[in-house]
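Presented below is the structure to which this report refers.
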Amino acid sequence: AHAWGYGPTDGPDKWVSNFPIADGPRQSPIDILPGGASYDSGLKPLSLKYDPSNCLEILNNGHSFQVTFADDSDSSTLKEGPISGVYRLKQFHFHWGASNDKGSEHTVAGTKYPAELHLVHWNTKYPSFGEAASKPDGLAVVGVFLKIGDANASLQKVLDAFNDIRAKGKQTSFADFDPSTLLPGCLDYWTYDGSLTTPPLLESVTWIVCKEPISVSCEQMAKFRSLLFSAEGEPECCMVDNYRPPQPLKGRHVRASFQ
């Protein structure tokens, strides 16, 4: 596998040399211009059903941390919205900045948030996540912005596991967590056709970006930044600025579920 990261030598502007699709027609993230998004009355409300017992573990993969879910049944799913069929939750992860003025991957009229949550789902018309990931309608990712405010009690349960996964390659069991507790109260969203935001940058994602952010405190953001890109025994390198900047829209349309 090609090494990639977020530094000056292996960061997003260098990915194209190993992953030429980085310059493709439907890359993510994007800057969402609310005025340029068209309201589509045909977009249904999102239907999310998550089973906390599907939650398996939390791990530091050296690019972010992710919480993984058992995806061998239809007990944690995303339906409706802009998609057809049933998509199963595979994992969720975050992207964040070194300071509170940056960190999200999507931006809204140029506004950056300090972090962004991604809930990754795969289309069950394909036999596995791995196969779905290369299909144009294979994945659906729900993106949620984090905005500085009150401490987020649901998020705190995730952050409390960080002591066990500080370094790259570490993982620990993480059970009975309901990811729906991380969703905003209002599920109005923008949607567009895009890609994974990390290599291999496959153009297989229906993006569903929630309009309403969830809260995170400054202290909680500091906890995100205590994770390490580096493995144990290596020089410590704080995990910050693990986001890809917005990519060209290239004629794509962004639709809104709300007026």
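In case you wondered, yes, glycine gets a Cβ from its N, Cα and C as well.
Residues annotated as active site, proton donor/acceptor in Swiss-Prot, with similarity to another entry given as evidence: His63. DSSP assigns His63 (active site, proton donor/acceptor) to coil, not to a helix or a strand.
His93 (Zn(2+) binding site) falls within a strand segment according to DSSP. Sequence-distant neighbours of His93 (Zn(2+) binding site) (same chain, 6+ residues apart, CB-CB distance under 8 A): Ser64, Phe65, Gln66, Val67, Leu117, His118, Val120. Sequence annotations record features per position, and here Swiss-Prot assigns Zn(2+) binding site to His93, His95, His118.
Secondary structure at Thr198 (substrate binding site), taken from DSSP and collapsed to helix, strand or coil, is coil. Taking Cβ-Cβ distances under 8 Å and a sequence separation of 6 or more, the neighbours of Thr198 (substrate binding site) in its chain are Trp4, His63, Arg244. Residues or ranges marked as substrate binding site in Swiss-Prot: Thr197, Thr198.
Sequence annotations record features per position, and here Swiss-Prot assigns domain 'Alpha-carbonic anhydrase' to 2-258 based on sequence analysis.
Under the heading N-acetylalanine, Swiss-Prot lists Ala1.
Most Cβ neighbours within 10 Å among the recorded positions His63, His118: this distinction goes to His118. Rounded to a whole number, the C-alpha distance linking Thr197 (substrate binding site) with His95 (Zn(2+) binding site) is 10 angstrom. Spatially close to His95 (Zn(2+) binding site) yet at least six residues away along the chain are Ser64, Gly103, Ser104, Glu105, Ala115, Glu116, His118, Thr197, Asn242, Tyr243, Arg244, judged by Cβ distances under 8 angstroms. Within 10 Å of the C-beta atom of Thr197 (substrate binding site) sit 23 other C-beta atoms, taking all shown protein chains into account. Reduced to three states, the DSSP call for His118 (Zn(2+) binding site) is strand.
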